[in-house]
């Protein structure tokens, strides 16, 4: 049966294997984000007022929980405890075992997402916290592995577009997950089904990945010889077989461009996590929107962010290919667009009070221009070191994820409290961008090519 399924997959997948890899990794991160964010919207109903008619949902009393704002913050931040740790652990092996790590990352998260309602019933908030920590551990391998796969499959001249497309699965995952979660909760009058649906869809992705996902053109059994030869030739300049060599930690840790990239990633994560995880609470506590409308107004702008990141990735590649600017300048330009404009629109939204139209408009613009980060910092690990892209992404995204853990624990109810949150985000976005401009680089670093061990 497995042989027949393999044969069917080979026949079905007649398009270029690079495109299949790009689409499968895109859907991997899309699934991860639907599972990551569904709790952020569901918790606004799980802990809401039983007599609140504004939510648009009538759920059973047993599905309500008396978790205060601090406890909710701990529950939501628990994911990032495991997520941060997992980045640093998987960084060591992401480049070598990328196919299996990505599959396990999605599968672990999917199974635990399906088990989330049961965990709450059995162990309450404390077992939920433990589940979210392990989910974070499972999902933490995703970004290091995706960077490794991009390095294995995508030539440098195409990484702006394809890299932006792959990582933009975050945005579509947030869009689909946010709107879908709100709809499922309101349609079924329970928050439970949303965990089952997103978990089941991720398991379906995993089954397909087992048969059509491969680590590199060299290991793909169904790729044409022409496509394999073209990719190997295009990737030969930046990639060499370094799996038997030790990771050059001393050079990596002393690399100014890497620390500039880490600063840029901190800005990106601070702004993005604020929108993804905190904006539903803002919409409920300040604008008093229903759960379905909350998902709609919070996450619909991620579609425009997706379009902007794809357009930005394409334009960034054109700018580099046509020698309009260097790769370094292009990365800095798009990171600046992804920092300054969102910071300004975020602050504008916080000073419009309860004017729903203006608040939603400003936040939509904020989210849209966050897409500038994708042709900027998100693909920069592959610029610095295609050979150690997974290692770098583990470090960069792992440190950036700490911002999600540190920010989640605060309780916010008034507009003044939220405005303070947005001012802090404004400062982080702009300061991190200045550091990125000063120290970042789009050039391959010398330590990408470790010296071969001496022969005895």
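Using N, Cα and C of the backbone, Cβ positions are placed for all residues, glycine too.
Marked as transmembrane segment by TrEMBL: 20-43 (among others). Among residues of the same chain six or more beyond the transmembrane segment (20-43), those with a C-beta under 8 A of the stretch's C-beta atoms are 13, 67, 72, 75-76, 79, 102, 105-106, 109-110, 113, 116, 132, 135, 139, 142, 146, 149-150, 153-154, 162, 165-170, 172-174, 176-178, 180-182, 185, 191, 194-195, 198-199, 201-202, 205, 208-209, 212-214, 276-277, 280, 291, 294-295, 298-299.
Per TrEMBL, the feature domain 'Major facilitator superfamily (MFS) profile' maps to 20-445.
Same-chain neighbours of the transmembrane segment (74-94): 36, 39-40, 43, 67, 101, 125, 128-130, 132-141, 143-145, 147-148, 247, 277, 390-395, 397-399, 401-402, 404-409, counting only residues six or more beyond its ends whose CB sits under 8 Å from a CB of the stretch. Here TrEMBL flags 74-94 (among others) as transmembrane segment.
If you look up TrEMBL, you'll see 101-120 (among others) marked as transmembrane segment.
A Cβ distance under 8 Å defines the sequence-distant neighbours of the transmembrane segment (161-183), meaning residues of its chain 6+ beyond its ends; these are 22, 25-38, 41-42, 146, 150, 154, 194, 197-198, 272, 276, 280, 291-296, 298-300, 302-303, 305-306, 309-310, 312-314, 316-317, 371, 374-375, 378-379, 382. TrEMBL lists 161-183 (among others) with the feature transmembrane segment.
According to TrEMBL, the feature transmembrane segment maps to 195-214 (among others).
Here TrEMBL flags 296-320 (among others) as transmembrane segment.
The feature transmembrane segment is assigned by TrEMBL to 332-351 (among others).
Sequence-distant neighbours of the transmembrane segment (357-377) (same chain, 6+ residues past either end, Cβ-Cβ under 8 Å): 160-161, 163-164, 167-168, 171, 261, 264-265, 268, 271-272, 275, 279, 286-287, 297-298, 300-302, 304-309, 312-313, 315-317, 330-339, 341-342, 345-346, 348-349, 436, 440. Summarising the annotation, TrEMBL assigns transmembrane segment to 357-377 (among others).
For the transmembrane segment (384-402), the list of distant contacts is 80, 83-95, 98, 140, 143-148, 150-151, 156, 235, 238-240, 242, 247-248, 252, 255, 257-258, 261-262, 265-266, 268-269, 441, 443-445, 447-450: same-chain residues at least six beyond its ends, Cβ to Cβ under 8 Å. According to TrEMBL, the transmembrane segment annotation covers 384-402 (among others).
Annotation comment: TrEMBL describes 422-441 (among others) as transmembrane segment.
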Grab the same-chain neighbours of the transmembrane segment (195-214) for me: Cβ-Cβ under 8 Å, and only residues 6 or more beyond its ends, written as numbers and ranges.
5-6, 9, 13, 17, 20-21, 24, 27-28, 31-32, 34-35, 38, 42, 99, 102-103, 106-107, 109-114, 116-117, 177, 180-181, 184, 220-221
